[in-house]
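Asker: Here's a structure for you.
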């Protein structure tokens, strides 16, 4: 089977509510939906970045241009089943641009799996689990609203793990916020925080022990992405797990973090790491180094989330579960099939490919008019 055509379209999907981070506030998510065609079959992938280029070096506009102008011409007419060959071709054609490459690889894997009548997880060796515990992000910026949200999620048996966004208030106000959540939720919930690089090492060294005393189990990216030595010292000096997110994007960065034992947990993100194959390799580095893997998100839609679930279902150990909440914070969906949360766990889609069918009407509705 040869690749006949590759298409990329930008869609802008609003969120149900603003998502407040230390670096930006997200009101909508922009995705690039990539379709790869071969002999009447189509595979679908997705690229994107949280809040645009403020989080990473890519945005929807660059992803679309890279896919259409710089990747597609090199892939047309090549073997649609040879995903490894396509990855090498893309690496030679374009430096960086991880999300653009990830979107194409997702589409190729979806196409291949559908042609063979299997899931992407089966292409990757087979799933080890059918569901993954999922954390909900508390990011309204308001303590009462966050607490009400957490209580509702627990009562509905959707979430009992909560990641709280910190860093857009003062550290002292963050601590007061966490004290209120911890005291109110008690043993009914597992709490973790994401600082999104907002602290320096001195501030982190003061407030991480305070958070640990409140029962926080995981601290995500407390300092700047380049300051990996600070991450190492914070990991050495605290019992609570420290997780790399922004500091981790390539196989080389994974090796450096593992060699220096800078963190306890790797946050896996397909679009940030360049796709399924690259993320698999980073998960293998974590496993070999005794570092835990975590199923991260780029606020992906049902398409990207389903591909992530296919991969995460094959990772040997995910002690902290995942946070694939993208489809549940969006005001609408891009697929006909919904994703299901049951008893605090996100169910891995069944069926062929990534398990989702693109809703073409929704794509047309949210497609950006250039």
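Glycine too: its Cβ is placed from the backbone N, Cα and C atoms.
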Asker: Of the candidates 155, 220, 287, which one does Swiss-Prot list alongside 194, 245 as binding Mn(2+)?
Answerer: 220
Asker: Through the lens of DSSP with three states only, how would you label residue 245 (Mn(2+) binding site)?
Answerer: coil
Asker: Quick one: of 194, 245, 323, which recorded positions lie within 10 angstroms of residue 165 (active site, proton acceptor), measuring between C-alpha atoms? Sequence order, please.
Answerer: 194
Asker: Near the Cβ of residue 323 (active site, proton donor), how many other Cβ atoms are there if near means within 10 Å?
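Answerer: Excluding its own Cβ, residue 323 (active site, proton donor) sees 26 Cβ atoms within 10 Å.
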Asker: How many whole Å apart are the CA atoms of residue 245 (Mn(2+) binding site) and residue 323 (active site, proton donor)?
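Answerer: Approximately 13 Å lies between the Cα of residue 245 (Mn(2+) binding site) and that of residue 323 (active site, proton donor).
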Asker: DSSP on residue 323 (active site, proton donor), three-state: which is it?
Answerer: coil
Asker: Do you know offhand how many angstrom separate residue 323 (active site, proton donor) and residue 194 (Mn(2+) binding site) by C-alpha?
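Answerer: Their Cα atoms are separated by 12 Å.
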